[in-house]
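Q: Have a look at this one before I ask anything.
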Amino acid sequence: MARKGKVNTLPQPQGKHQRKGKKQLENKILHSYEEESAGFDSEELEDNDEQGYSFGVNSEDDEEIDSDEAFDEEDEKRFADWSFNASKSGKSNKDHKNLNNTKEISLNEEDDSDDSVNSDKLENEGSVGSSIDENELVDLDTLLDNDQPEKNESNTASTIRPPWIGNNDHATDKENLLESDASSSNDSESELTDSADNMNESDSESEIESSDSDHDDGENSDSKLDNLRNYIVSLNQKRKKDEADAESVLSSDDNDSIEEISIKKVKYDPHETNKESEYNLIGSSEKTIDITDLLDSIPMNEQLKVSLKPLVSESSSISSKKLDAPLAKSIQDRLERQAAYEQTKNDLEKWKPIVADNRKSDQLIFPMNETARPVPSNNGLASSFEPRTESERKMHQALLDAGLENESALKKQEELALNKLSVEEVAERTRQLRFMRELMFREERKAKRVAKIKSKTYRKIRKNRKEKEMALIPKSEEDLENERIKSEEARALERMTQRHKNTSSWTRKMLERASHGEGTREAVNEQIRKGDELMQRIHGKEISEMDGEDVSEFSDSDYDTNEQVSTAFEKIRNEEEPKLKGVLGMKFMRDASNRQKALVQDEMQAFEDELAGVPNEDDTSQKGEDGVPGVLIGNNTGRRSFKPSEEAAKLSLPSRKNPFVSDSAVLKVNKPEMKEGQKKAEARKKKESPLEATEETNPWLQVPDQRTSSAKKLDKNSSKADKKNHKLKMDKVASLQELVEEPKVQPDLIFEEKAFESASEAESDVDVSVPMLKPTKGRLSIKQRELVAKAFAGDDVVAEFEKDKEDWVQEDAPKEEDHSLPGWGSWGGVGVKQRKTKPKVKKIAGLDPSKRKDSKLKHVIINEKRNKKAAKLTADSVPFPFESREQYERSLNLPMGPEWTTRASHHKAVAPRVVTKRGKVINPIKAPN
């Protein structure tokens, strides 16, 4: 917009320089105008025309301002040194000629009225500018001088506009719109319309304020509007022409299209504020680089044009397409899920056969599909054999010299040798080979059979036999000397170790460990045998050979029994006493231990005397109450039976009606005064021997002497003296044998009276009908009960079962429990009457014994309680492999174990589901390709 009272006019040059500068300025203005016209995209303008759009500023953006406000302080600073003057009317024809002498592009090629319009405009501008002082004008030569800074040139170029465009901000916007891309056509059209309207307003205002306000003012404004309309029409025609040219280029030959694109040049914009450089290709965000812009910098040839053809066609087709609106977020997510599901499904399809095979297999062994290690064979080792040691090299060289380095060479040599033999010689050779093979086979079979024999006796006999055979072989002096040296070493070792005696430390240790290991027992036996051999040599006896004799660990053929016993007893006597601590180290415990050792020494001495045949009448420790010597049971020194022999039993057997019912002897220990009733009872008892003869000693039927104590029993009413006396006497009795009560004889046992004609008949009767008498107290009684229970196990099974069943029935039967508490919930005190409270009986439901499933089954106990944990494990239906209930139950009843099934079936049944190898890395399974 123009400043109020002034019109934007071209500066008026002075004289010759004035005409020359004016001409140059007009040419420059026309050139800039042509560039702006060529850069304006008319395609968008026509589209907006067809759609009914009108050019102009939006109502919200339009506002009315004065020309004084339009020219602000910034403009005043900018144009402070400038002066503007109108052009003369005489120059209008020259301007018109210069306009016609420009390039082909013009404002209106069809109408010649533009010349008159432009001339009128210039005359009007000149008339307006005649009032300006000429001293304030600037020479164009100075303005356009090359030495002028670029800032002034840019300012001059930016302030000079075509005659129909005013010097205002909207005109500048219009120029920027002409340089912009086609994508912003709508904005450019609105701004162009706005600039045209503002131009008309500025022109009208300037003409109203001018000194000449006649009829020419309306004509000037109309001519400007006509110029704008003509310019828009020319742009529309040019757009159509450009479209036709573009279609012809696309339809023409490829070479022509590439050349057309390459010929197109980027036009220079005089209003660019940035310097031209490769770093400033894009001036603003609205400008973009197309593929055609890039092709301009490439030198073209035929091959490159052919290769760039699809790019050009693709870029043109893509630019013509429009993008579709994006789908909704939910639809996009659903499509993504479907694609992901398909991808996952395809990945899982690879694993289905592997998973199915693993589920069907009975056993999985990891690592799976492991390659078997190559096992070296004899042939492979022989083929790859290389001699390493010196001996191997010598043997290999000898075989090479003999021509027997391999089996094939050996066969060839044998064939050559056989070819020179006769038929009889070949047959004899074959017979010898067959005989040797037979001997080798028999020897191998015998060696296998001998290796399976585990008998020590056989080993010893075989060893002695080999030694004899070796002794028969004549030996050289060297062998004899070696044997003599070995025997001397053995004798020296024997003297140093003294293994033939029982006094050495080694023998003591071996005897202590003799019961813990087989090797130790063998060492002890060897020591005893060695000592026996030395004793025989000393006495001048020959060592007995063991051929054909059974050799056992403690056999009489190896050594004398007396010496064996003495050796064992000597070991016991030489045992060192361990250091006792704590309770065992107290005096009374040591005294008890000494008493025990004294008893053991007496027993050992008595046993040695018994073996030697020396009677010992003073020794009562080995005799019973009746002076009967003890008898070993099963060669066990710890168990001794003090029973009379068969002869003594026959002589001492009393003749009575019932020989099996006997009264035990009564042992009176410090018997106190007894009451009259007790005296009468004691008088009725008889003292008779409780033992009766048996044919042979039976450890299961050992009945020790039965004794009963008739000592007075203490009670609450006993005096203190009686209690003290009883305590003292019991301390003395503690060291004696434990008291055993007299066995009670059942009265319903009726024994038939028989006349014993002889002792033999009595013996037979006793052997048949002796009742079982069990001791009731002591350690011996407990062991005796255990032995009897094991021997006669199962006799009272029925009674125990019936008792257990009765307990089950009573436990499951209905019960009534009384929960009432006496005195609970009642008043107490003097004068309070006690009321009878009803008992609080709680009935517990149960199973009636008559309604039990096993009520009529005496041999069965059925548990009718429901187990909730077991109910979860019960099968509601028959499992898959079975077809009926009977098959399933039969499989459950089938026993498992090596006793009922074969070894292979048992291993298959108990094989684990997964087997892993220790130390092996289990890699993850890989899916097949």
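Sequential numbering from 1, following the chain as shown.
Cβ from N, Cα, C; glycine included.
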Q: Report which of Ser455, Ser760, Ser891 appears in Swiss-Prot with the annotation phosphoserine.
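A: With Swiss-Prot as the source, phosphoserine is noted for Ser760.
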Q: Out of Ser87, Ser251, Ser315, which one does Swiss-Prot list as phosphoserine?
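A: When Swiss-Prot is consulted, phosphoserine appears for Ser251.
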Q: Can you dig out which of the ranges 493-531, 805-843 Swiss-Prot describes as region 'Disordered'?
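A: The listed stretch tagged region 'Disordered' in Swiss-Prot is 805-843.
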Q: By Cβ distance under 8 Å, which residues at least 6 away from the ends of the compositional bias 'Basic and acidic residues' (805-820) in the same chain are close to it?
A: 837-849, 852, 854, 858, 861, 863-865
